[in-house]
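Asker: Handing you a structure now.
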Amino acid sequence: MAIFISILALSALIAPSAAQQCSRQLTIANTQSSFMQCQSLSQGAAIAWTFIAENRTLEIAFSGSLPSASGWVGWGYNPSRAAMDGASALIAFSNASGSHLMLYSLTGSRQAILRNSTTDVTVLAQAVEIQGTTARFTALLRLTSPSSNIFHIWNRGSQVNGDAPQAHALDQASTSSAGSLDLATGAASSAGIPRLHLRNAHGILNALGWGILLPIGAMSARYLRSFEWADPTWFYLHVACQTLGYILGVVGWAIGLRLGSDSVGVRYNTHRNIGITMFVFGTLQVFAIVLRPNKTHSYRTFWNAYHHGIGYATIALAIANIFKGFDILDPAKGWKNAYIGIIIALGVVALILEAVTWAIYFQRRRSKSS
């Protein structure tokens, strides 16, 4: 029952980022421009465009909100894939000298300085207007790609040093703001959706496997063995929970490695290292079951200490890493609150069973001495 409730609690949907209503008209400096197509984007952004296939020119109008008055907002074109690495981006920001719109070549590295040179797109004309934290810009571009189907990215950041925009945030909305556009028909798709599903699967499988089933399995071994009626049921329950938790956890861990390899220039070293340590400890526990000595063997005491120590360390690391995962994914609050509720419930049950277990222990001790 506890496992069923846990699955239900962790199966809520993450609310998507809000997107503003797109418009085919944009006014900058009291001059209104009209466009053929428009598309609403995440992060409160929108894009409108007119594409002329004969001369490969694309006129765009982009609007978005800056995280702060000292921040930036941008839109980029990538000729090969929906990703930051290799894209040419128009980035708008303001400083003491006014509003600026500059073209950059993006490398995909969070440490690299953006280079304001590119051969994939030529800017023929541009205009920008920033009022408070609202930015609008238009640009007339000539593309090198012969296709009308393009990949594009958009994002925003809170700081600009000189003319170098600093790294954007790493929350869910900021790392999934990419997709494709058919400039001729207006059809659009988001490259972030499959990636979002992988992130959700990574979080759910790890929380359920490492963060719920493993603690339940440990509790069954710690407390149920004190009840005579639970022998040997507690052992089978312990093995079942640990085995299923390990399998789900390893699948979630593998998905995490895939997400890490796909995230060029983005590294969560602490989260990754803890995850690898958990995998190693969990695998050691599997081998420990296979190599478990007989109860009467002289090594059994050492094996018990090793098995318990590695097991509790794995659970502690798992819970800590799950909360680090919440900070990285930044899902709806319901996810984190649900997991906190589950952990609190398991903790309360553990405290009650701990008291009962000690009571049984002292009762049996008194019975033997009398």
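From the backbone N, Cα and C atoms, a Cβ is placed for every residue, glycine too.
Dumping what TrEMBL says about this protein:
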type	residues	note
BINDING	His202, His238, His271, His307	heme b binding site
DOMAIN	43-157	domain 'DOMON'
DOMAIN	164-362	domain 'Cytochrome b561'
SIGNAL	1-19	signal peptide
TRANSMEM	203-221	transmembrane segment
TRANSMEM	233-254	transmembrane segment
TRANSMEM	274-291	transmembrane segment
TRANSMEM	303-323	transmembrane segment
TRANSMEM	338-362	transmembrane segment
Asker: Sort out the residues at least 6 away from either end of the transmembrane segment (233-254), same chain, that have Cβ-Cβ distances under 8 Å to it, and list them.
Answerer: 201-206, 208-210, 212-214, 216-218, 220-221, 224-225, 227, 275, 278-279, 282, 285-286, 289, 318
Asker: Considering only the recorded stretches 274-291, 303-323, 338-362, state which has the highest number of Cβ pairs under 8 Å to the transmembrane segment (203-221).
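Answerer: Comparing 274-291, 303-323, 338-362 against the transmembrane segment (203-221), the winner is 303-323.
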Asker: Which residue counts does DSSP give the domain 'DOMON' (43-157) for helix, strand and coil?
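Answerer: Helix/strand/coil tally for the domain 'DOMON' (43-157): 0 helix, 70 strand, 45 coil.
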Asker: Which residues in the same chain, at least 6 apart in sequence, have a Cβ under 8 Å from the Cβ of His202 (heme b binding site)?
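Answerer: Those within reach of His202 (heme b binding site), by Cβ under 8 Å and sequence separation of 6 or more, are Gly252, Ile255, Gly256, Leu259, Gly325.
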